[in-house]
Amino acid sequence: MWPLDPSRKEVLRFAVSCRVLTLVLQALFNAIIPDHRAEAFSPPRLAPSGSVDHLVEGLLGGLSRWDAEHFLFIAEHGYLYEHNFAFFPGFPLALLVGAELLRPLRALLNLRSCLLISVALFNSLFSVLAAVALHDLGCLVLRCPHQAFYGALLFCLSPANVFLAAGYSEALFALLTFSAMGQLERGRSWTSGLLFALATGVRSNGLVSVGFLVYSQCQGFLSSLMVLNPLRPLLKLMGSVFLSLFMLGLPFALFQYYAYTQFCLSSSARPIPKPLLQLAADKGYRIVEGNEPPWCSWELPLIYSYIQDIYWNVGFLRYYELKQVPNFLLAVPVAILVAWATWTYVTTHPWLCLTLGMQRSKNSKTLEKPDPGFLGPRVFVYLVHAVALLLFGGLCMHVQVLTRFLGSSTPVVYWFPAYLLQNHEPLLRSLETVPWKPLAGDSLPGQKLSLPGPPADPRHPHHRRHPLLLRHELPAADEFHRPRDPAPGHRLRGGRLGETDR
C-alpha cells in the first residue's frame, strides 16, 4: 500500500506502540475506576455470558461506553429503534465482518464479546493505517517530510486518541478520509471519490469532503482555459461536479431511504425481543411497529435531521446555554488551534486566500518558489475545510465533540502544531532540509520534497536529538557525490587528495 521508507516505518512503529499502550491503560483504569452512571443508552444483554465473556468484558469493556453502545447494539440487533439511525452503517458493518471472522470462537464467546474483540482489533488497525496515511498525505501536500513526520506522531498522541481506540467510527473515518485526500493529491480522482463515498457511509460529515473534489476540478478547469475553447472544459466541469455530488451523496441517500422503508412504508416488521420492547416502552423509543413518525410526511423525509433535532437537540446556537460552559471549555483548545492556524496562513498569503488558492501574488508573471511546509499553497483547501468544520461544529453541534470531530476529519490540526514545533522547538529548529526526489508513485509534475540534511555540528548546542528523529534521518541527496573538505594538513593536488607542501 505504501513503500516502507525509514520514516514510514517509524510512524508505523510509533502508532502500534501507542495503540497497544492505549488498550493496556483502558483495561487498567476500567478495572480500578468505577463507571460514571449517566442516562446514556444501555440496552439489556440478551445472550448468556460465560467465564470467557466476563473476561473479555473486563479487559475490553471500557471500549463500549457512550456512543459505542449504539454501534455495538446496531451490529448485534440491527436498526430497531428510531434514534439508532443517527449512527451510520459503515462501522457496524465492519464490526459484523470482524465477528464473522471470529466465528470459530463462538463456542466460547457470545456475539457481543466477538464484537468487542472486533472493536479492539479493527480500530487499532484503522488508527495505525490512518497515521501512515496522514504521513503519506503530509509528504505530498507539505513537501516537508519533517512536518509530515511530526504531524503523524501528533495524530497518535492527540486527545482524540481515546476515541480512535473505543467503539466509535472515528478511526475508520480518518483512515478513509486521509487515504482519499492522498489519492486526490496523486491525481486519482475516481479512487479518491470512492474512498470519500465510503467515508460518507461511516460518518455524515463525510459529505463536506465533496469540496475537495470540486476544488480539484475547478483548478483543472482554470488551467485548461489557457489552451482550449472554454465550452468543452465547462461541460466537463459540470459533469464532474455532478458525478462528485452523486457519488458522495449516494450512501447518505440510500441510508435515508432504508429508514423511510422501515418506518413509513407498510412492510413485514421483524420480531423484536421482549426485553428490547420493554426498554422502548420505558424510555420512549420509537420502533418500527409504532405509529408513523411525523417526518414521514415531510416533503423531503430525512430521518437524520429529525433525530438530531428531537433526540439530541442539535441546531443553530441551541447549545449556547450557561449550563454548557464546561463543555465549551473542552472545545476551546482545538478551536483556538484552528483559528490560530487560519490567522497565520491568511496573514502570510493574503492574496492567495483572496483568489481562493489560485494565484499566489498580484503579479501573475512572477515565479516564486512555493513555501515548503504548512505555509505552502497546497494547504489552502485543507484549511478552508477545517474552518468550515469548526464553524459548523461550533455553531450547530454539541461542542464537546469538536476535538474528535476535527481530529478525525482534517489534517490541519496536526500539520500546524508540527509547523510550530519545527520552527520554535530548539531541538527541532536546527534541522536542515534539502531538495529530494519522492518515491516512485508519489511524485507529481514539478514536485520536490525535502528530507533531512546532513547531521548538524556535534558542537552545536541543539545537536542532541530525539531517537525517533535519528532513526528516520537520511543523508542529503548530494552527500554521496560531492567531495569532502580536505582534512587539516592536506590539500587537493591534480584532482587527488595529497599532503601539503612543506
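Placement of Cβ uses the backbone N, Cα and C atoms for every residue, glycine included.
What TrEMBL records for 479-488 is compositional bias 'Basic and acidic residues'. According to TrEMBL, the feature region 'Disordered' maps to 479-502. Annotated transmembrane segment per TrEMBL: 114-135, 147-178, 190-215, 235-260, 328-346, 379-399, in sequence order.
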Rank 147-178, 235-260, 328-346, 379-399 by Cβ pairs under 8 Å to the transmembrane segment (114-135) and hand me the top one.
147-178
The transmembrane segment (379-399) and the transmembrane segment (190-215) contact flag, 3+ Cβ pairs under 8 angstroms:
yes
Same-chain Cβ contacts of the transmembrane segment (328-346) under 8 Å, 6 or more residues past its ends?
159, 353, 374-375, 379-380, 383, 386-387, 390, 393-394, 399-400, 402-403, 406-407, 412-413, 415-417
